[in-house]
Amino acid sequence: MQVLEGPDARRALTRTFNDLPVPDAVLSRIEATFGEALSPTQVAERILADVRERGDDAVRDWTERLDGTRPDALAVSADELAAAHVPTDLHAAIRTAITRVRAFYGQQPAHGFLNHGPDGALGQLVRPLGRVGVYVPGGLAPLISTLIHTAVPAQVAGVTDIVITTPPARDGSVHPAILVAARELGLTQVFRAGGAQAIAALAYGTASIPAVDKIAGPGNLFVVIAKRLVYGQTGIESLPGPTETLVVADDSADPRHVAADLLAQAEHNGAEPVLVSTSRELLLRVQAELNGQLEALPEPNRGWARDSVSARMKVVLAATLDEALELSNLYAPEHLCLLTRDPWSLLGQVQRAGGVFIGEYSMEALGDYVAGPSHVMPTGGTARFMSPVNVRDFQNIISVVGLNEGTLRRIGPAGATLARAEGLEAHARAIESRLPRDPS
Ligand SMILES: NC(=O)c1ccc[n+]([C@@H]2O[C@H](COP(=O)([O-])OP(=O)(O)OC[C@H]3O[C@@H](n4cnc5c(N)ncnc54)[C@H](O)[C@@H]3O)[C@@H](O)[C@H]2O)c1
Ligand SMILES: N[C@H](CO)Cc1c[nH]c[nH+]1
Ligand SMILES: [Zn+2]
């Protein structure tokens, strides 16, 4: 275990989205698929261009090539949706998650204002977006919860037209729990498409998959890179990519909990676990726990988690908890887990993170499912300027200006003066055309 300290730790935790590590396994799969060494961006560009040109046929071709199945019908039929069935406890858990996420976002202030005052009226109209695409990851695991954690905030915002895309399994099916969750949410448009081909279809539209106004939802490198490339053609909520968890732990933390929280997120594709502690002894004990807990995991989870731990895990010894929080703010993790003696006392120092998980009863894994806030959170350092999925992502704001004559007289001259200072004479005249003429 390499333990980073001081300037080395700062260097290792300084990054931007553009520095996202591309795992060797991804590079070799690209070479095997394309017969040449391409970057994930080049791959995404090729797929986007092809889907833009050839629509559904390109989506089918890429799905066959990358997901090992060729879906004749990209759309899941009403019969398939109606027939989807899951065990009773899973069905109940889906309902619990929906209820809790809905209750959480019901509390987010998301309305406009229109103030009629002495100036006339000024305000903001808030409108739900028209059509939204929700990407549900399904490469390693079918992320049922991600559908709930993305679609519910959109529904609370008032969006009624929601299109779901998710990679099909090798037999061409969509996981029944994703279909049950869609049904519970009252959503009927579900398409078999994953990766960059799904993002392309949602951005440009195909005969089967309608173009949307905004694409939301997380995914692997290909998904986030494709989202960034189609931004402008359509909106995107943010760039939620491969999962990251930074645990800050002091000597009071239970190494079993620290290891469990790091491993839980390590089993996501391409995940980056980070442990920052003020105790060298704890670091050693967590290392031993990690090894033990890793070996106890079943396959394929053990392989996924081992890949993240061995290839990307960072371990930092901080001199103080203040330094630990400073490093965390520098890294801007998707998830910040505080496992310290008095975690609440650190909250005031948290400046940049997707979510903060406080104390031993708020493990991030619970946040993934049923705590309430959406688990779709910014990664790759984008938490410096982006936020978790929320109601505002699914609304637009329209400024309302309805001033009266008195206000025009009072503020119009200042407007005209600014216009002339910018050399924009027609602007100045438009303002003055409604001002009373100077009698001199
Ligand atoms: N930040 C968040 O809020 C958040 C939430 C949930 C999941 N995630 C992340 O989502 C990701 C899910 O990844 P996943 O891979 O399991 O599912 P995914 O659905 O994101 O990606 C699977 C798709 O990737 C494409 N693909 C795979 N290899 C490819 C290649 N070599 N070339 C071109 N395309 C390729 C395929 O089309 C496949 O359908 C994980 O990294 C996870 O950490 C993030
Ligand atoms: N931890 C992921 C966000 O990075 C979300 C998730 C879905 N299912 C399990 N976990
Ligand atoms: Zn998770």
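In case you wondered, yes, glycine gets a Cβ from its N, Cα and C as well.
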Further Zn(2+) ligand in TrEMBL, beside Q265, H268, H427, within candidate set D171, D322, D342, D368: D368
One of H175, H335 listed by TrEMBL as binding substrate at the site of T243, Q265, H268, D368, E422, H427: H335
Candidates near ligand 3 among the binding-site residues D368, E422, H427, judged by a Cβ under 6 angstroms: D368
Inter-residue C-alpha distance, Q265 (substrate binding site) and E334 (active site, proton acceptor) (nearest angstrom): 11
Site extent for NAD(+) (largest Cα pair distance over Y135, Q197, N220, Å): 13
Close recorded positions near T243 (substrate binding site), where close means Cα within 10 Å, chosen from Y135, Q197, N220, E334: N220, E334
Cβ-Cβ neighbours of E422 (substrate binding site) (radius 10 Å): 10
Per-residue Cβ crowding (10 Å cut-off), top of recorded positions E334, D368: E334
